[in-house]
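Taken verbatim from TrEMBL:
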type: TRANSMEM; residues: 95-117; note: transmembrane segment
type: TRANSMEM; residues: 180-198; note: transmembrane segment
type: TRANSMEM; residues: 278-299; note: transmembrane segment
type: TRANSMEM; residues: 311-336; note: transmembrane segment
type: TRANSMEM; residues: 368-387; note: transmembrane segment
type: TRANSMEM; residues: 394-414; note: transmembrane segment
type: TRANSMEM; residues: 420-439; note: transmembrane segment
Amino acid sequence: MSGTNMNRYTVDVKPRNSLSSMPKLATFKDQEAPSWLGGRVTIYAPMVMRDPKEPHRVSSALEKLFDLTLVVALSAVSTQFATNIQYGGDMSTSFTMFLISFFTIWNTWFPYVWFATTYDVDDVLYRVGTFGEMVGILMISDGIAHNITEVVVGYIVLRFFHAVFFRLRAAYEDPARRAVNLKHSILSTLVMVCWYFQQSFSSTYVSQVGGFAVLACCDLAYPYVAQRSTAPAGRTKYHAHHVSDRYSEFTTMVFGESILSLSHATVLKSATAFNGEAISTCIASMVLLFVLWWIYVLVPFGQILHDNPTLTYVVAYGHFFIHAPLAAFASGIYIMGLATQAGDSSHGSSHGRRLDGDDTLAISVDTAAYVISMSITMLFVSIPLILSLPHKILLRNALASVVLNVIAATAPGHVTVSTLMWLFCLPVVAVLGIVLMTYRKTVPGLGSPST
C-alpha cells in the first residue's frame, strides 16, 4: 500500500458529472485496499483511538462473528445448570457452579467489547487477535462441558491474544494512551497467572469457590484501576451507543438461548397426537420471554451512558446481574419444557411435575419455578438499581417480583406446567403495561421511558 493509503482518512472527490463535486471525508473503512475474493480487506491501519462521537457506529461484522462463539459458550453453561437441576443436585452447589461458569464466559466477552469500542481497526492483525480469542472461548466452552482443566488453557490462550495483539499493539501505536494500555496488559497477565495457580492448587470446594471469588473481583477491578491511575488525557474513551449496542446483542443472545432451550425440551406432537400441554407451555414461555425482552429494550442505555458518564462502570459491571439471571432463566425454561413430556398420559403423570421415564432422572418443576421467578426478580431489581431510577420504579418491580415468588412457592403442586407459566406471565405483562401506559413522560435525566 502507498503512503497515502496508510492514512486513517482519505478524500474521495466525486466526478464533475455527479450531483455534487464537494469532497467527502471518509473513515479508514473507505480507504483503498487490496481486493480479495471480491471483498475489501484492510491489511494494516494504525491502532489509534477512534472518535467516541463517531456517528452511526454499530457492531461490525467481525464483532458479530465473535459473538457466535459466545452462543456456543452460553449453551454449555445453560445445559450444565439444567443437568444439575434434572438430576437432583444440591441447589446451592449447582447455583454456585452456574455463577462460576457464567462469569468465566461473560468475562471473556467483557474486555473485548470495551477494547473494540476504542480501537477496532479491523485490519489483518486485529482479525488474527480476534480469531485467537475466539479459539480461547471455544476451548473454555468445551472445558465447561467436559474437562475443567481445559478452561484454564483456553483462558491463557484468550488472554495471550488480548494482551499481545490488542493491548501491547495499542500501547506501541497510540503513544498518547501508552501508559493505560500497558497497565491493562500487565494487570491482565498477572490475574491470568493467578487464575492458573488457583486452578492448579485449589484442592477443596471451599478453596476453589473462595479463590474464584477473590480473582473474579480482581479481574473486574483491574480495568478500573488501569483507567483511574492514569491522567485523564491518557485514558481510553468509549463510544456510548456502540457499547450499548454490544450489550444489547449479548442480551439478545441470552434470550436466544432460552428459545433454543425451549425448542430442545418440548415435543409438540407425538406419533399419534399433538401435546396440548407442551403447546400451551411453549406459547406462555414465548410470551414471558418476549415481554422481558421488550422491557429491557425500552431502557435507552446508549443515551444514558452518553449523558451520564459517571454511570459507565455501574452499567458495565451491573449488566452481569442482568445477563446471568437470563441465562438461568433459559435453564428453567428447559426444565419446564421437559416436564410437559411427563404431562402426556403415556408417561403416567397428570401434572408433569416430574419426568418418571427413567428412575435416575427426576425433574422438579418446583425447582424450575424457583429458578424462573428468581431470575425475573434479579432482572426487575437490577435495572432500577444500576441506573439509580426513582424509588417508585424499584418498588413497582419489587412488588411484581413478590407476586412471582409467591406463585413459584405455592402454585406448582396444584396446577399444570402450562398454567404455572401463564401465571408467571401475569405480573410480568402487568409491568410492561404500566411502563407503556404510565411512563410516557420522560424520567428526569434519561430522556425516554424507563422500566
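If you go along the chain as it appears here, the first residue is 1 and each next one adds 1.
Cβ coordinates are placed from backbone N, Cα and C, and glycine is handled just like the others.
Small disclaimer: the values here were computed from a predicted structure and weren't measured.
Counting Cβ pairs closer than 8 Å and at least 6 residues apart in sequence, the transmembrane segment (420-439) and the transmembrane segment (278-299) reach three or more and so form a contact.
Contact between the transmembrane segment (311-336) and the transmembrane segment (180-198) does not hold: fewer than three of their C-beta pairs are under 8 Å, each pair 6 or more apart in sequence. Sequence-distant contacts of the transmembrane segment (278-299) (same chain, six or more residues past either end, CB-CB distance under 8 Å): 248, 251-252, 255, 258-259, 262, 266-268, 322, 326, 329, 333, 336-337, 340-341, 343-344, 376, 379, 383, 387, 417-418, 421-422, 424-425, 428-429, 431-432, 435, 448-451.
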